[in-house]
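Worksheet: one structure, shown below.
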Amino acid sequence: MATQLKNLSDFFETTVPSAAPYRFGIVTAEWNAVITNALYEGAYQSLINHGAEPDNIYTYAVPGSFELISGADILLRNIVNLDAVICLGCVIQGETRHFDFICNAVANGLSNVGLKYNKPVIFGVLTTDNQQQAIDRAGGKHGNKGDEGAITAIKMADLADSFKR
Ligand SMILES: Nc1c(NC[C@H](O)[C@H](O)[C@H](O)CO)[nH]c(=O)[nH]c1=O
Ligand SMILES: CC(=O)[C@@H](O)COP(=O)(O)O
């Protein structure tokens, strides 16, 4: 598995721009809150560690990962000059095919929101077979996907900004 070969929290710091100039939204799903709260803490702290201003980080919660789609759209529609939106969730396989529908819908939906607003919308959603796999990726042995989401948001915001300079 790809994540087993790359810790989600390991980055070459020299490749990460400063987050200071940018404004970030973070939308976090409340389903599997123990996991998603850990993802949020990782994402928020990673933004701060790379220079983001607390006043430039706009944090919202939605009920489940499926609502991340609407949540990202609402933020980009209502908050002026957001440079990127980080969407955090944890979808764990249950007894039915609901997992497949949620995961596919969220991946496609978030991609479409990013294209709609021409803004980076970061897919920080764990899609796991079981809770242990999620724990391992929310600050456990494989790092924190929230960290990955924050670093990705910084890099994409800086890429977009580079064409305005
Ligand atoms: N089973 C999980 C869900 N299910 C809820 C959906 O995301 C959605 O809120 C509901 O279908 C109403 O629209 N959500 C997760 O984030 N994680 C799960 O494991
Ligand atoms: C991803 C889900 O919605 C899933 O966890 C719900 O569980 P179940 O498939 O057993 O209803």
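In case you wondered, yes, glycine gets a Cβ from its N, Cα and C as well.
Database features, via TrEMBL:
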- H98: active site, proton donor (ACT_SITE)
- W31, S65, F66, E67, C90, V91, I92, F123: 5-amino-6-(D-ribitylamino)uracil binding site (BINDING)
- E95, T96, R137: (2S)-2-hydroxy-3-oxobutyl phosphate binding site (BINDING)
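Locations of recorded TrEMBL features on the structure.
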residue: S65; record: 5-amino-6-(D-ribitylamino)uracil binding site; Cβ contacts under 8 Å, 6 or more apart: A29, W31, G89, C90, V91, I102, V106, V125
residue: F66; record: 5-amino-6-(D-ribitylamino)uracil binding site; Cβ contacts under 8 Å, 6 or more apart: I102, A105, V106, G109
residue: E67; record: 5-amino-6-(D-ribitylamino)uracil binding site; Cβ contacts under 8 Å, 6 or more apart: A29
residue: I92; record: 5-amino-6-(D-ribitylamino)uracil binding site; Cβ contacts under 8 Å, 6 or more apart: N32, F99, T128, D129, N130, Q131, A134
residue: E95; record: (2S)-2-hydroxy-3-oxobutyl phosphate binding site; Cβ contacts under 8 Å, 6 or more apart: none
residue: H98; record: active site, proton donor; Cβ contacts under 8 Å, 6 or more apart: none
residue: F123; record: 5-amino-6-(D-ribitylamino)uracil binding site; Cβ contacts under 8 Å, 6 or more apart: C87, V106, A107, L110, S111, G149
residue: R137; record: (2S)-2-hydroxy-3-oxobutyl phosphate binding site; Cβ contacts under 8 Å, 6 or more apart: T3, L8, L126, T128, G143, N144, K145
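Among the listed binding-site residues, namely C90, V91, the Cβ with the most fellow Cβ atoms inside 10 Å is that of C90. Less than 6 Å separates the Cβ from ligand 1 in the case of I92, drawn from the binding-site residues I92, E95, T96, F123 in sequence order. In the three-state DSSP scheme, I92 (5-amino-6-(D-ribitylamino)uracil binding site) is classed as strand. When secondary structure is read from DSSP and collapsed to three states, H98 (active site, proton donor) falls in the helix class. For T96 ((2S)-2-hydroxy-3-oxobutyl phosphate binding site), no same-chain residue 6+ apart in sequence has a C-beta under 8 angstroms from its C-beta. Other C-beta atoms found within 10 angstroms of the C-beta of W31 (5-amino-6-(D-ribitylamino)uracil binding site) number 17, with every protein chain shown included. DSSP assigns F123 (5-amino-6-(D-ribitylamino)uracil binding site) to a strand segment in the three-state reduction.
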